[in-house]
Each structure stands twice: as C-alpha cells, then as structure tokens.
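These come from TrEMBL:
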type	residues	note
TRANSMEM	7-28	transmembrane segment
DOMAIN	12-219	domain 'Cytochrome b561'
TRANSMEM	48-66	transmembrane segment
TRANSMEM	86-104	transmembrane segment
TRANSMEM	116-143	transmembrane segment
TRANSMEM	155-175	transmembrane segment
TRANSMEM	198-219	transmembrane segment
Amino acid sequence: MAVGWFYLSFYSLWFLGLMCIILTIYWVQLWHGGFAWDGTLLMFNYHPVFMVVGSVVLYSAASLLYRLPQSWVGPKLPWKIGHAMLHLLAFILTVLGLVAVFQLHRRSRITNLYSLHSWLGIVTVFLFACQWFLGFVVFLLPWMSVWLRSLLKPIHVFFGVVILSLSIASVISGINEKLFFSLNNATQPYSNLPSEAIFANSLGMLVVVFGLLVLYILLVSSWKRPETGILTEGQPLLRDGE
C-alpha cells in the first residue's frame, strides 16, 4: 500500500509539473507572441518559462531524487552526482530567465529590481546559488568529515524547502505582476477577468498544487532514504501490505 501510494503521488506530481511547463509555454505563445532572443518583449517571454522549468520543476526533481526507492540500495555517489547535476541545470535555466529580464530592461531603459516580485526572485536565486555551492563542497567532495555532514544536513534540507517555497511564491507573484502589466487597458482590464486572466490565474494555482505535492512527498518520513546502517528490510516503503 505504501509503495503504491508513493508512486501514485510521484507520477501525479510529474504530470502536474509537465502541465505547468506546457501551460506556461502556451500562455506566452498565445497571448504574448512567442519567443525571440532579441531584446524585445518576446525575449521576456523566456523568463516565465525558464523560471517554471528551472526553479520549480527541475528543482523539485533534484530534491526528490533521494525519495526513489531505487536510490536506497547500492552506492550513494551516483545519486549525489545526479542530485547536484539536476540542481545545476535548474540553476542555469533560472539564471537564463534572469538574463532575459535584465537584457530587456537594459535595452528598454527600465529600472531593475524595483518590484516585490523581483526582490523575492533575486533573494531566491541568491539562496539557490549558496545552497548549491555549499552542498557541492560539503556533501559531494570527499574530504568533509562525516560529523560535519551530519551537522549540516538538516540545515541543507531546511533551506532546500525554503528555496522551493520562495520559488513558488516568486512564480505566482510574477504571473500576477505580468497580468497587471498586460491587462491594464480600458477594453480588457484585469478586473473584468478576461480569458488570459482566467488562464494565467489557473496556471498559478496549478503551480501551487504542484509545490504542495512536492512538500508532501518530502515530508513523509517513511519515504525518506534510510540512513546507512539504520534500515535494510525494515523501511515501511519497502514492505508490502502497509
């Protein structure tokens, strides 16, 4: 029962993640003209896509890697490398999303980092960078002592959850900010809830549901990778009939 519930939650999560990506692309393609890396508003459209893909979906994938029962047996190093590389890919896409915004602002002479959304986003990216670097130094490189890793692991896990939560908050505040900017004319104001507002608000709610499911999977104690020497056959997820 525990195994079945885990995989049901896991596959539901990735269906939701894929839908978040597809709907974000559809939103900017249908209502905002698609994509172009040319310094125009079309360049900005990469920003929401890269942020959803990188800071939410791929970040979550990296965070949940150790929840897979396959990661509980055999050497841990390949899973550590996979965890680090997925996070690095997520970080690269997140930075590209920032570049798209800063390039547009520079060419259009728009002030950077003036909104609450941008403050929240830049703090999230800064924490993400610190988290990845310290995780690489402490948990992946071989010279760190076991006691130091044990001391820092709860902090690493805590900030992982914090960064994911901030990423989701940044995405939904960004969706809202984009709607305020794009639906500010007399014929189609945001307050009249036109079709784009309904679609983008629904996308924001889907991102929230995705994030809540990620946090649920992360917090279920029986789905956590057992510590070395503590569990072999006794982990609840590995037993049938529970």
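Sequential numbering from 1, following the chain as shown.
Here the Cβ of each residue, glycine as well, is placed from N, Cα and C on the backbone.
Where the annotation comes from TrEMBL, it is an automatic prediction and has not been curated.
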In the same chain, which residue numbers or ranges, 6 or more beyond the ends of the transmembrane segment (48-66), come under 8 angstroms Cβ to Cβ? 10, 13, 17, 20-21, 24-25, 27-28, 35, 79, 82-84, 86-87, 89-94, 96-97, 100, 121, 124-125, 128, 160, 163-164, 167-168, 170-171, 174-175, 178, 207, 210-211, 214, 217-218, 224-225
Hey, would you say the transmembrane segment (7-28) packs against the transmembrane segment (198-219), going by three or more CB pairs under 8 A that are 6+ residues apart? yes
Within-chain partners of the transmembrane segment (116-143) [C-beta distance under 8 Å, separation at least 6 from its ends]: 51, 55, 59, 80-81, 84, 87-88, 90-91, 94-95, 98, 149, 152-153, 156, 159-160, 162-163, 166-167, 169-170, 173-174, 176-177
